[in-house]
């Protein structure tokens, strides 16, 4: 007995399915896929007693088996459609297996681009050179900023030193003035006392 599920997708689509296949039966999932389109999927099972077959049916209804798996309980697959057609993913449980549960993730619709349109090695190398030049310029700018900050700090420190010297000089001058004034007061007192005695 074959159970079929037909998928009609437009654009990039993905599905996650969980289904059970009784012993000796097969379940197939089909999808119509455009030319140059990547299909991708992965699945896990509750038993290794199964067979997975990925087939491509072209527009002339000719079927080709692309991939066939068995034994492993975790598998993944991918294929690029060279021409428009239909893909068929079939999961078959062995006759002497228990009911097998499959968890399937499937995605299609991603277009595979022409290699000529992709970035060439020389373009990548030129881009790398440009990035290296930009990194060098950024380092130079950072170095200049550090030098400017350093000069500004030195200027601030120099201004602080000048202020300290001015305050120190003013303090010394004020102290000398007090000493001179004190000496004059003492001299005047002595002079007055000397005059009185004379």
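Here the Cβ of each residue, glycine as well, is placed from N, Cα and C on the backbone.
Note that TrEMBL annotation is computational and uncurated.
The shown structure was predicted, so the numbers you read here are calculated from the model rather than taken from an experiment.
TrEMBL lists transmembrane segment for one of the ranges 143-165, 166-188, namely 166-188. Restricting the average to the coiled coil (120-154) gives a pLDDT of 80.
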